[in-house]
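Q: Just passing along the structure, written as structure tokens.
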Amino acid sequence: MAAFELYTKHARVWIPDADDVWRSAELTKDYKPGDTALYLQLEDGTTFEYKLDPATMNLPHLRNPDILVGENDLTALSYLHEPAVLHNLKVRFIDSKLIYTYCGIVLVAINPYENLPIYGTDIINAYSGQNMGDMDPHIFAVAEEAYKQMARDERNQSIIVSGESGAGKTVSAKYAMRYFATVSGSASEANVEEKVLASNPIVEAIGNAKTTRNDNSSRFGKYIEIGFDKRYRIIGANMRTYLLEKSRVVFQADDERNYHIFYQLCASAHLPEFKALKLGSAGDFYYTSQGRSPVIDGVDDDKEMCTTRNAFTLLGINKSYQMGVFRVLASILHLGNVEVKDHDADSSTILPSNSHLNIFCKLMGVAYQDMSQWLCHRKLKTATETYIKPLSKLQAVNARDALAKHIYAKLFSWIVEHVNQALQSSIKQHSFIGVLDIYGFETFEMNSFEQFCINYANEKLQQQFNMHVFKLEQEEYMKEQIPWTLIDFYDNQPCINLIEAKMGILDLLDEECKMPKGTDDTWAQKLYNTHLKTCPLFEKPRLSNKAFIVQHFADKVEYQCEGFLEKNKDTVNEEQIHVLKGSKVDKATSPSGASSVVQPRDPSYPHLTLPSQFRNSLQLLMETLNVTTPHYVRCIKPNDFKFPYIFDQLRACGVLETIRISAAGFPSRWTYQEFFSRYRVLMKQKDVLPEKKLTCKNLLEKLVKDEDKYQFGKTKIFFRAGQVAYLEKLRADKLRAACIRIQKTIRCWLARKKYLRMRAAAINIQRHVRGYQARCLANFLRCTRAAIIIQKYQRMFVERRRYKQQQAAALIIQCILRAYMARQHYQGLLREHKAVIIQKFVRGWLVRQWYKCTLAAIVHLQSCVRRMRAKRELKKLKIEARSVEHFKKLNIGMENKIMQLQRKVDEQHKENKAIAERLAGLESSHAAESERLRSEVARLRSVEVEARNNANRIIFLLEELEALRTEKSVMEEWAETYRDEMEQVGVLKGFVEEGSCSPLLTEKMQRVLKEETRQLENELNEERSRYQNLLSEHLRLEERYDDLKEQMSLTLVRLSITLKSAVGPSLALFFPPYSLQDITKTTLDMSVVFNLQKKVAELEHEKQLLEDDLECREEQFQRARARVRATRLGIPLMFSSHTLFLGQGRQDLESENKRLKHELNQMRQLLMEDTTTVAMGTAMPGGPAYKLLLDQLNLANEELEVRKEEVLILRSQLVSQKEAMQHKEVKAQALLYTEGTQKTKDAGDMTQAYMGLKESNSNTFLLWIPAHLFHPPPRLLEAQMQAQKRNHENEIEVLHGELQSLKEENNRQQQLLAQNLQLPPEARIEASLQHEITRLTHENLDLMEQVEQQDKAVRKLRKQLKVFAKKFCEMGGQAEEAIQPVNIPRKEKDFQGMLEYKKEDEQKLVKYLILELKPRGVAVNVIPGLPAYILFMCLRYADYTNNDQKVRILLTSIINSIKKILKKGGDDFETVSFWLSNTCRFLHCLKQYSGEESFMKHNTPKQNEHCLSNFDLTEYRQVLSDLAIQIYQQLIRCMENILQPMIVSGMLEHETIQGMSGVKPTGLRKRTSSIAEEGTYTLDLILRQLTAFHSTMCQHGTDPELIKQVVKQQFYVIGAVTLNNLLLRKDMCSWSKGMQIRYNVSQLEEWLRDKNLMTCGAKETLEPLIQAAQLLQVKKKTDEDAEAICSMCHALSTAQIVKVLNLYTPMNEFEERVSIAFIRTIQARLRDRKESLQLLMDTKMIFPVTFPFNPSSLSLDTIQIPSSLNLGFLIPV
């Protein structure tokens, strides 16, 4: 197809314009070959005739279709020419506010002149790991491409950032370095990435300055190599600098500044450490005041100085070196103020009292006379003599400036060198990424030596770029196997030869510098003579003989020859250098005395000119770039006024050169699938073949006749420029015709539908009218009949009511009359009855009065008779008392009484003697008690000190209490306000219920209530999130601590191996053990070592405490056993009496223990009351404490006497019983063994021996043998007697030990009581109960063991008895017929839901149940949460035995083991899910069986019996809750790692609805992705993965509420990742993609419905994504649309809404772009929103998790442990 065929009516073209450079116009008439003009219409509606050039007849540039405008890649444009490129950049920059655009392999960055929120950590994370063509253009995308290619191809990379001054090169390079530092991290703990970033403030301070074009312009070029190790983490960096602009040190143009460091130094002159530098303001120095612009708007030089100094410190440059640097900089400023005066015409002088020179000499440490002399003189050397030549004032000033430039250049090099040393690493560098920040092409009105060098460097870089692009194009063509034709592109090698070849510009410049009288004019003449006629790239200006023009690759540049020779020589007076070399400043601590600053030139080496040095360094740079893979960033300055988003120019920056090579070949490239999807509408059904490639070939052969316009590659189709636009035109025409047909059909359908609807409506109206009339007639008939019926019933009602009234009146009259007659009869009967009662009571009273009078008379008579008889008897007794016999009888009684009194006196003497002895004992005991009380006083003094400390703490707590009271008052005020509001709400609610409140007010109040509720929920969630983030940070630190421990152990092993291998086994023995530690300390962080030492000390202390606790518990056990056995002292050897006395002794001891506790409590209370008296050490004899002690001693003595009497009584009973038994046995022996007793010398001994033998054999069959048949041998009896004696002694010894242990136990109880006294009352009672429960539990267990042992002994004796009975029967003995014993089976104890385990089995329990447990097998074969149940049953046993140590150790082992298994298998979803479920179940068990009423109400009675009885594990519940939170966060991260690669592909890229999204032309970036094509993920895969997650969690028994929270979190991640990618991908923001997103979201909602998870809040997390999809689909034109968008997109921020509208891209010609005015309207409406400025959603955010209580219905006693778990050592209890 010919090109002119595209110039048809309505085609748009670009025409040149004087003001706008290019303007768009539309053809109003088709162009035909031979026409001399085009008829055009501008965008403002004006028409005109555009004349064609008759010589060339070149047609104007065609404009790209609107669908291609604003593309991410300029190479995707169909027409690649200057107006198309400029328009695309302008649309992206002005309309869409996008500053980055791809141009092939180059990233074009336009300086926006304002800070943009597109460089945060969230943006870095969004670009990390993404393909370069998948995301919108960004500097982070280039950095990610370089980093990825370095890791994938094992090849070093380079990022070349170029552009003119003010274009933003430095910022772009800085962001690239920040990306590497954030993504890769560092390989050590030294934070190398921070050091790399810290080098930027330093090099900017010493190398950047303000210019007319840029406030922070880099006045040097730099190449930073960022080194990486084998794991691609930053290990260091190295910086190379190029062509520092030294002339800026001594000269600045108007509105410019010197280097920033000078102004920072002057702004900090007020600091004490800078007083010695004698600095002032920047206006006081000549070198900083020439530009008359010492201040930059928005920049605080004082703060910048702090930043620079902090960067120096971070890089390891100490304070002394920093002060040395500042001293040199201050000396440069003072040197600039040295005033040189004329001495005569050819000489100059400096006054002796020049203060600035004096300060300069002091700061530099040189002699004043020497420096002042050589500033005004110069030494000339000839072959024979040396002359000292004076300098004129101008020459002296130039020499002074040259010295200043020299010093600054050397200082700059010294600082760069030390920065490189600080960034070096001891780790071997594996690869690097270089960032080149170098000046772009420059052309000014006056171009000098610096511009020439800069453009020379850009020529070299452009050549390298051309070769790289040419190479890429060649590789692309060869890979696609299309015919390779040489592309004609611009080669700038002739320009480079003009500059650097032999007899080139630089060669002639060096030659002219060697001439004694060489000048700039003679050098210019040599240039004219050499190159003017021979080189077409060299020209001479018409009006100047001191300038020349060079045709560079970008533009022609005119250079002024003045100053070239002087700048090329770059000389300084060597005598001045020698003076500086003699500086007295310490060279070890200051750069001012360092040799690098004052290093003179070595005369043995030839002096290299500045261009020669620059050429060598540039050659080295080219060699480095040629061995790396380059990535290009071209920065553009949009305007000269630094206005934001103003695009009025495109300077020569090489952007157009970038696409010339691509435009010369086949710039447009489509895959066959993309081409088929896009242009399927141009095919017929019969043209579609199974093979896509053949289908595309057939279509192109029909549509494009010229075969040179396209080429078929292996996987792609290559098009010439303009062919895509032609295909788009055909597609648009086809779609337009289809749209017209669709419109015609739809309009016909709508009209017919309207007619049918009207006809149906008319029929319906008729039907309803007729029905209404019929209903009216029927209603009239019904009303008439109803009126008749009503009249009938009304008349009947009147008559019936009159009859009822008459009947009721008659009945009432009869009732009243009958009642009156009945009352009269009743009154008569009542009067008669009352009269009878009165008569009865009167008669009875009269009889009683008569009886009382008679009885009183009889009594009086009896009294008189008895008094008379008594008087007679008294008289008789008085006579007998006077007789002698009576006195005798009395004396006899008195003698007896005197004898009794004498006996009592003797007994009293004995008692007094015993009391005296007791008093002596009491005095000794009192002395011991006094000593004990003194120790107690000392202890109380320490308690007093502690009380004082507590008092101080109380003061602090009181302050806190006061603050809390203040807060309480504030809360009360708030509560009062809230109460008032609630009252108002209640009133309003009453109004609402009564219906008196308006619906508007009701709705408003409900909205306010919802808002407050939501705010409170948000605050609660924020607090939970903050706490859980702290937990995750704590987990990270724990993992880091474990890693450091492992690293330390490995380091120790390696160092030991290295040391042994280095010194040999014989010498290794002589090294001390701490040498390895000293070596390790140099490699590890000291803080880590200190933490480890502290941890070791804590563990040793804990170990000691555990050992002490173990010893204490063993002693308690021994005491308990001794306590039981101590009651057996003095008991007969009969079992029944022994058992009885044992129980009685236990009861006595328990009562005695209780009494002692009570008395000790009383004594403690009195001691606490009399603390002051006891503290002074003066126990008053009459005090309460003393009386209490005496009472206690008296009671103890009385108790002792009672015990002694009981012992005597028991002994007497025993002796009497024994004598009685001995008497009976002796009589028997006398009758049966007469002969034996005569032979025996000691009958008593033999009897006792026989009794002992009989007792020892009382349970054997010997008792059945008759006594006369038994003759025990003497030796046997003696042996048995000795054995009994030994047993008796051993038993006595044991009883003594048990008695001692009982005393110790008593002392321990007293100590515990003393400790309890110091506790609060509530805690005291609880502690006492706890100790008592512990003691009784241990005693209960001991008794249970004894009962079991006795049962075993009884069973054993029964078996022996059976055996002996059988033997007796076999021997023929006759025994009485005995009752056969019945075998009664023992009832098994019920399983109590506890598992007993030994201490040594604890590690096995943890190993088999946690560390080696496979979740997959357990989840399938056993009940969910079985490990949690088993662990809790073991914990119940430890609680049942009241073993706090066992409980603590078990819980600690469980927690540590779970952490260990999760650290080992943290990436396995099943493992993490399994232990999250079991941790939650264990936590629920701790709550369910804690004994708290709030949890017990969910239990069955059987489950309540299984509650913990001894320990409160609330604190451990919190620890387990924290552990569950950590596991939950790990589970979320594990799920995110699995889902993350699927989300973008499945939710955005995959076409779930086929044919909905059209394919647009793609640029070069999409084709050269750094990652090969992988299997694409679909939405079905995401849903299947979610289903797998859900089924696994359900199988593991995870709580349903927890599953809901997990699903909510995953849906949030899906929505956030999808929305973030949508906001960063312009190609995804279209109407059809919005439809795809909404369909995908509906599928996710359907999945939620299938799983019954619609109420979990997951759908709400997708709300931002849903609203973004709706935003892509709604109308975006009018103000009503803007209002609808603002009300609809409440979940999106303003930045996100504006971003989506800016990125909205039509996929077809029929869609329209969003106008800028509409976007401004949206921004104005959303201006009042208070929201975050963050663009992207935080994909790392985790919702705070809660664990609602979920009790188990499973009883612990029903749980069976499978044998596959290898837990046979657990014993059910």
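Every residue, even glycine, has its Cβ placed from backbone N, Cα and C.
TrEMBL: automatically predicted annotations, no manual curation.
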Q: If TrEMBL is the reference, give me the range from 191-218, 555-582, 583-610, 891-918 marked as coiled coil.
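A: Checked against TrEMBL: coiled coil maps to 891-918.
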Q: According to TrEMBL, region 'Actin-binding' applies to one of these ranges: 135-157, 411-433, 618-640, 1722-1744. Which one is it?
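A: Checking TrEMBL against the ranges 135-157, 411-433, 618-640, 1722-1744, the region 'Actin-binding' one is 618-640.
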Q: With an 8 Å cut-off on Cβ-Cβ distance and a minimum sequence separation of at least 6, pull the same-chain contacts of Ser165 (ATP binding site), or say none.
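A: In sequence order, Thr211, Arg213, Asn214, Ser217, Tyr439, Gly440, Glu442, Lys637 meet the Cβ cut-off.
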Q: So how many of the residues in the region 'Actin-binding' (618-640) end up helix, strand or coil by DSSP?
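A: Taking each residue of the region 'Actin-binding' (618-640) in turn, the totals are 9 helix, 8 strand, 6 coil.
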Q: Could you name the residues, excluding Gly163, Glu164, Ser165, Gly166, Ala167, Gly168, Lys169, Thr170, of the same chain that surround the ATP site, i.e. Cβ within 8 Å of the Cβ centre of those residues, in sequence order?
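A: Neighbours found: Asn111, Asn214, Ser217, Ser218, Gly440, Cys635, Lys637.
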Q: Pull the DSSP breakdown for the domain 'Myosin N-terminal SH3-like' (8-60) and write it out as helix, strand, coil residue counts.
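A: Across the domain 'Myosin N-terminal SH3-like' (8-60), DSSP assigns the residues as follows: 0 helix, 24 strand, 29 coil.
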Q: Across the coiled coil (1002-1047), what does the mean pLDDT come to, as a whole number?
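A: When the pLDDT values over the coiled coil (1002-1047) are averaged, the result is 73.
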Q: Long-range neighbours only, meaning 6 or more apart in sequence with Cβ under 8 Å: which ones does Gly166 (ATP binding site) have?
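A: Within the chain, Gly166 (ATP binding site) has Cβ neighbours under 8 Å at Asn111, Thr211, Arg213, Asn214, Ser217, Lys637, Lys642.
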